[in-house]
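*Asks:* Before I ask anything, here is the structure I am working with.
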């Protein structure tokens, strides 16, 4: 799930990383894994027995998955599994155990700065038309304002909405950094240079949401963002916020 922020009497706080109910993309439509073979479903278990889709991830190679740090942060590695090669969140494809989670050393769980992590599977991911390594933005990959980008995932259709078993996608646009920073500053949140904002500014209705955390934001087929946080979902005034992949290109390469 993507974290969303709730206004509390004493300030602002992030909602817990794993929600009470598993989660979908807001304002999008259903799609198939063959259209997005680089995405995987991350499965979480509270008891070590029953697993459900809780976040998304991105295939880097046949053993490593890129995701948001807030998804596995603080959890034992055996609480998470990876489902690759399936259109559906909780069935099909291949399920892999994990043997390592590497969270960015500068990850800040309060501000969600540097919200990026790499999970290593215990077994190889077999590549086919439903599972492929992603093209990842390099350090010099710059995305301009108002560029068309696509998000995909199994998250909520609205804040607190019902789960989507089938993969969904939505077209949104990149948002000017200064504008995004100013909007969030008005409610006491910090948007850093390590973040990339996307949505349908001043219109709303399209966004990533809970359950989409860790999933990809694509620009011309290149992963430029990892879904991270936002103020609820799909609000006109507040875009979604992603980890900006180009800022972590060297770290990703060195740890995968």
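Every residue, even glycine, has its Cβ placed from backbone N, Cα and C.
I grabbed these lines from Swiss-Prot:
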ACT_SITE  70  active site, charge relay system
ACT_SITE  115  active site, charge relay system
ACT_SITE  213  active site, charge relay system
DISULFID  55-71  disulfide bond
DISULFID  180-197  disulfide bond
DISULFID  209-233  disulfide bond
DOMAIN    25-256  domain 'Peptidase S1'
SIGNAL    1-17  signal peptide
SITE      207  site 'Required for specificity'
*Asks:* Work out the three-state DSSP category of residue 115 (active site, charge relay system).
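*Replies:* Once the DSSP labels are grouped into three classes, residue 115 (active site, charge relay system) ends up as coil.
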*Asks:* Averaged over the domain 'Peptidase S1' (25-256), what pLDDT does the prediction give?
*Replies:* 97
*Asks:* Taking just the CA atoms, what is the gap between residue 115 (active site, charge relay system) and residue 70 (active site, charge relay system) in Å?
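*Replies:* About 6 Å separate the Cα atoms of these two residues.
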*Asks:* Around residue 213 (active site, charge relay system), which of the listed recorded positions (55, 70, 71, 180, 197, 207) come within 10 Å, judging by Cα atoms?
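*Replies:* Final answer, ordered: 55, 70, 71.
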*Asks:* Give me the non-local Cβ neighbours of residue 207 (site 'Required for specificity'): same chain, 6+ apart in sequence, Cβ-Cβ under 8 Å, ordered along the sequence.
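*Replies:* 25, 26, 27, 151, 170, 172, 199, 200, 230, 233, 234, 235, 239, 240 - these are the non-local Cβ neighbours of residue 207 (site 'Required for specificity'), listed in sequence order.
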*Asks:* Name the secondary structure element type, per DSSP in three states, that contains residue 233 (disulfide bond).
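*Replies:* DSSP call for residue 233 (disulfide bond): coil, neither helix nor strand.
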*Asks:* Determine, to the nearest whole angstrom, how far the Cα atom of residue 70 (active site, charge relay system) is from the Cα atom of residue 180 (disulfide bond).
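*Replies:* The Cα atom of residue 70 (active site, charge relay system) is 21 Å away from the Cα atom of residue 180 (disulfide bond).
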*Asks:* Counting only residues 6+ apart in the same chain, whose Cβ is under 8 Å from the Cβ of residue 180 (disulfide bond)?
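*Replies:* For residue 180 (disulfide bond), the qualifying residues are 191, 195, 197, 239, 241.
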*Asks:* Fewest other C-beta atoms within 10 angstroms of its own C-beta: which of the disulfide-bonded residues 55, 71, 197, 233 fits that?
*Replies:* 197
*Asks:* For residue 213 (active site, charge relay system), which DSSP three-state class applies?
*Replies:* coil
*Asks:* Could you state the whole-number distance in Å separating the C-alpha atoms of residue 209 (disulfide bond) and residue 55 (disulfide bond)?
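*Replies:* Just about 10 Å between their Cα atoms.
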